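> Provided herewith is a single structure, encoded as structure tokens, for subsequent inquiry.
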Amino acid sequence: MKKNPKISLIGSGNIGGTLAHLISLRELGDIVLFDVAEGVPQGKALDLMQASTIAGSDIKITGTNDYKDIEGSDAIIITAGLPRKPGMSRDDLISINTGIMKNVAENVKKYAPDAFVIVITNPLDVMVYVMLKASGLPHNQVIGMAGVLDSSRFNLFLAEEFKVSVSNVNSTVLGGHGDAMVPLARYSTISGIPIPDLIKMGLSSNENIEKIIDRTRNGGGDIVALLKTGSAYYAPAASAIEMLEAYLKDKRQMLTCAAYLQGEYGVHDLYVGVPIIIGKEGVIKVVELQLTKEEKTLFDKSVEGVKTLIETIQ
């Protein structure tokens, strides 16, 4: 009987719990749900196992407060950290979450050095950088969940604008996972037709698309403002699952993620949201898009924002 992949989730809050539920429903692998809060991962694991029986899933879910239980994990998704609250930017979280991430990284290195690691904790581009440097894992094994989520928001808003199914929309969002992200209308399509061409057909306007781009940049903040006590979790979890599945099933899928750049896009030693191909080797390739002067200026501005944050923790 083939052994299930072992998937460890570091952090058992809203995103961690949602991740576990989605992994179980898709039967992607057995789950270890870790948290420092005693009883929380154990209780959620019991609840999730009982929910899984209704769906007919035989996936095993274990709750724990001991990092040793992540030993030998095939994949790890990290959500541990303080969530955003109203009035906070992703960047306000940097000091507290850097300390948390360093501790997580040390334990990942100790117990699961061969795992493929997906970081969700904000501020994303900094946290995934901390994970890489503190763990010493190869950069192709460590990525951040950013562009898949940002693109999903862009997809939704474009589908609403053009009154089509979201399945017809394919969009691209580059840069840091923050207010300076760069949604690219030129590289976004409806059934293969680029947005600029649809504008020329009179189906939308540059003004409307710019409003959608702004709404995409503020997508996470809008949810924080409405929830008041936390941040988005369903969409971030669903986004990470798409990345996880691409790795576990060797799908060689092109997704926009926070990837470690070594000269691509003119960026060195930073994590920034760009299209990559994910398969069983982790990050197989970084895809370099040809940007216009205006797009490159916006991208560079976003990169500078990430650099500035990195400098605050060094």
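The count begins at 1 with the first shown residue.
Cβ from N, Cα, C; glycine included.
Sharing the feature lines straight out of Swiss-Prot:
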- H177: active site, proton acceptor (ACT_SITE)
- G11, S12, G13, N14, I15, G16, D35, N97, I120, T121, N122: NAD(+) binding site (BINDING)
- R84, R90, N122, R153: substrate binding site (BINDING)
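Mind running through what each feature is packed against?
Cβ neighbour count for H177 (active site, proton acceptor) (all protein chains, 10 Å cutoff from its Cβ): 30. DSSP gives H177 (active site, proton acceptor) a coil state; it is part of no helix or strand.
Residue density at G13 (NAD(+) binding site): 18 other Cβ atoms are found within 10 A of its Cβ, drawing on all protein chains shown.
Packing around R153 (substrate binding site) is summarised by its Cβ count: 25 other Cβ atoms lie within 10 angstroms of its Cβ, all protein chains included.
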> Compile a sequence-ordered list of residues in the same chain as G11 (NAD(+) binding site), six or more apart from it, whose Cβ lies below 8 A from its Cβ; state 'none' when nothing qualifies.
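G11 (NAD(+) binding site) has long-range Cβ partners F34, D35, I78, T79, A80, G81, T121.
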> Return the residues near I120 (NAD(+) binding site) by Cβ distance under 8 Å, restricted to its own chain and a separation of at least 6 in sequence.
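Residues satisfying the criterion: I15, I77, I78, T79, G144, M145, P236, A240.
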> Could you state the whole-number distance in Å separating the C-alpha atoms of H177 (active site, proton acceptor) and R153 (substrate binding site)?
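Pair distance, Cα basis, whole Å: 13 Å.
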> Specify the count of other C-beta atoms within 10 Å of the C-beta of R84 (substrate binding site).
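Neighbour count, Cβ to Cβ under the 10 Å cut-off: 22.
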> Just checking, which of D35, N122 (binding-site residues) has the fewest C-beta atoms within 10 Å of its C-beta?
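With the binding-site residues D35, N122, fewest surrounding Cβ atoms within 10 Å: D35.
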> Tell me the Cβ neighbour count for I15 (NAD(+) binding site), meaning other Cβ atoms within 10 Å of its Cβ, over all protein chains shown.
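The Cβ of I15 (NAD(+) binding site) has 27 Cβ neighbours within 10 Å.
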> Please state how far apart, in Å and to a whole number, the two most distant Cα atoms are among G11, S12, G13, N14, I15, G16, D35, N97, I120, T121, N122, the recorded NAD(+)-binding residues.
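Maximum Cα-Cα distance: 17 Å.
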